[in-house]
Structure formats: C-alpha cells, structure tokens
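Per Swiss-Prot, active site, nucleophile is recorded for Cys146. According to Swiss-Prot, the feature dUMP binding site maps to Arg21, Arg126, Arg127, Arg166, Ser167, Ala168, Asp169, Asn177, His207, Leu208, Tyr209, an assignment based on sequence analysis. Annotated (6R)-5,10-methylene-5,6,7,8-tetrahydrofolate binding site per Swiss-Prot: Asp169, Ala263, in sequence order, evidence recorded as sequence analysis.
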Amino acid sequence: MHQYQDLLERILSDGAEKTDRTGTGTLSVFGHQMRFNLSAGFPMLTTKRLPLKAIVHELLWFLKGDTNIKYLRDNGVTIWDEWADANGDLGPVYGHQWRSWPAPDGRSIDQIANVVDMIKRNPDSRRLIVSAWNPAEVDKMALPPCHCLFQFYVANGKLSCQLYQRSADVFLGVPFNIASYALLTMMVAQVTGLKPGDFVHSFGDTHLYSNHLEQAKLQLTRAPRALPVMRINPDVKDIFSFRFEDFELVGYDPHPHIKAEVAV
C-alpha cells in the first residue's frame with residue numbers, strides 16, 4: 001500500500017503546523033486522494049498490524065443503525081469508549097444518519113437501504129450517495145462525522161465507492177477507514193450482483209497529530225507486504241444480514257503493531 005506511505009511522506013515534508021480541537025497540534029495538508037483496486041487485494045495496512053475484529057464490528061454497528069457502544073463492548077471493541085456518555089450513548093452519529101436520517105415531515109430515511117435499492121434499479125444514477133453530515137444534528141453528536149459522505153458508481157459490472165473525509169487522523173484513523181469502506185464496497189457489490197471495483201479515498205484536512213510523528217517515521221522504514229484477500233460468505237444477499245463470521249481475511253502478514261495515543 002504505497003499510497004498510504006506516500007501520504008505519510010507528504011505530510012511530514014509539506015505539512016503546515018496547525019492547532020486543533022484536542023489541543024494536541026498537527027501537521028496538516030489540505031486535499032489528497034488515494035485509489036485502491038479491490039481486485040488487487042484487500043487494502044489492509046501491512047506496515048503495522050490492524051485489528052480486523054474492531055474494523056468489522058464497527059462497520060456492522062454502523063449498518064445496524066446503532067449509536068450506543070454496548071454492541072461494540074459486548075464484542076470486545078473499545079474504540080468509541082472515549083466519546084460515549086455514562087449510558088454508552090453517542091448521540092445521532094453515523095449509524096443514525098445512515099439508517100434513520102430525520103426528514104422534516106417526521107419520517108426517517110434509510111439511506112443504506114435506499115442506495116442499495118437504487119444501485120439495483122438504476123445503476124447509472126449519479127445520486128448513489130449516503131451522507132452522515134447532518135447540520136441540524138451535528139451539535140448533538142459526541143463526535144461529528146469525520147468520514148462524512150460516500151458515493152457509489154457502477155460501470156462494466158463493477159461497483160466503486162468514493163469517500164469524502166473532512167478530517168483525517170492519518171496515523172490512527174485512516175487505516176481503519178480504508179479497510180472499512182473497502183469492505184463496505186465489497187458487501188454492497190455482493191448484494192447487488194456486482195464485482196468490486198475501486199475504493200477512492202478523498203480527504204479535506206489531512207493530518208498527523210504531533211504525538212504521532214515518530215510513529216509515522218518508524219512506519220516509513222517498513223516495506224509494505226503483499227495485500228491479504230478478504231473472503232465473504234457468498235450466501236449473504238442482504239446488506240443487513242452480514243455477521244462477523246461471514247468474513248475471513250486470508251494471508252494477512254503485517255509488521256508489528258505501533259502504539260499511539262488517540263487525541264480526544
């Protein structure tokens with residue numbers, strides 16, 4: 001995954017020093033794009049180990065429309081703990097907006113169900129979009145969505161996805177986001193009878209926190225290894241019916257984990 005290594009190098013060489021909400025400080029660039037051909041392997045970072053369990057369960061949690069961390073905690077995933085309130089609630093974050101976007105007339109809009117249906121009925125549509133950025137509810141969210149809008153595209157029997165990420169924690173968050181949306185693209189492709197195409201990752205404020213710089217430099221000393229293969233249970237034909245057991249990552253041989261503190 002040279003694309004990710006190239007991004008680390010760009011930020012370290014060209015990044016501007018900026019302050020941020022957490023008070024940590026960042027090196028930041030504005031505007032970047034990476035493209036991953038999903039037929040060339042599953043884009044799971046190999047220059048450090050990533051936890052597949054957390055990535056898959058978080059995505060399934062989003063697709064459930066859930067915004068309480070109980071499901072995550074029950075499955076040993078703690079990545080949202082810092083932002084939850086005493087009851088485990090996060091407010092109307094990703095899952096709520098994906099599955100229950102509130103309409104002015106009181107209805108709830110299931111954006112995921114709608115986009116899957118539209119891909120099947122009108123694959124050439126330019127409206128195959130899901131948005132998590134709801135200005136009316138941002139202030140109620142424990143953390144406003146960083147990966148805030150994605151669009152699907154169908155051509156030659158293949159499904160591609162482009163994600164726009166307004167704010168990108170490149171060392172900790174972005175590797176998760178790449179794997180998560182690549183997997184989502186593969187899942188949607190399967191349930192719509194298509195092959196996976198490309199995952200395109202577009203960024204706004206693209207940054208390394210100041211307490212991640214040495215870790216990023218260490219990661220750049222490591223050569224990327226061959227990408228693994230993601231196997232998905234072919235019997236699942238409904239986007240909301242996937243379970244953790246339906247996914248198998250084959251041939252994942254990463255370099256060791258690199259510890260870094262999350263900026264809250």
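Every residue gets a Cβ built from N, Cα and C, even glycine.
Of all residue pairs in Arg21, Arg126, Arg127, Arg166, Ser167, Ala168, Asp169, Asn177, His207, Leu208, Tyr209, the annotated binders of dUMP, the farthest apart have Cα atoms separated by 36 Å.
The residue listed as 'active site, nucleophile' and Ala263 ((6R)-5,10-methylene-5,6,7,8-tetrahydrofolate binding site) have their C-alpha atoms 14 Å apart, to the nearest angstrom. The Cβ of Arg127 (dUMP binding site) lies under 8 Å from the Cβ of Met118, each of which sits 6+ residues away along the same chain. Take the CB of His207 (dUMP binding site) and look out to 10 A: across all protein chains shown you find 28 other CB atoms. The local packing around Ala263 ((6R)-5,10-methylene-5,6,7,8-tetrahydrofolate binding site), expressed as other Cβ atoms within 10 Å of its Cβ over all shown chains, amounts to 21.
Put plainly, the binding-site residues Ser167, Asp169 were compared by Cβ crowding within 10 Å, and the winner is Asp169.
If you measure from the Cα atom of Arg21 (dUMP binding site) to that of Ala263 ((6R)-5,10-methylene-5,6,7,8-tetrahydrofolate binding site), you get 9 Å.
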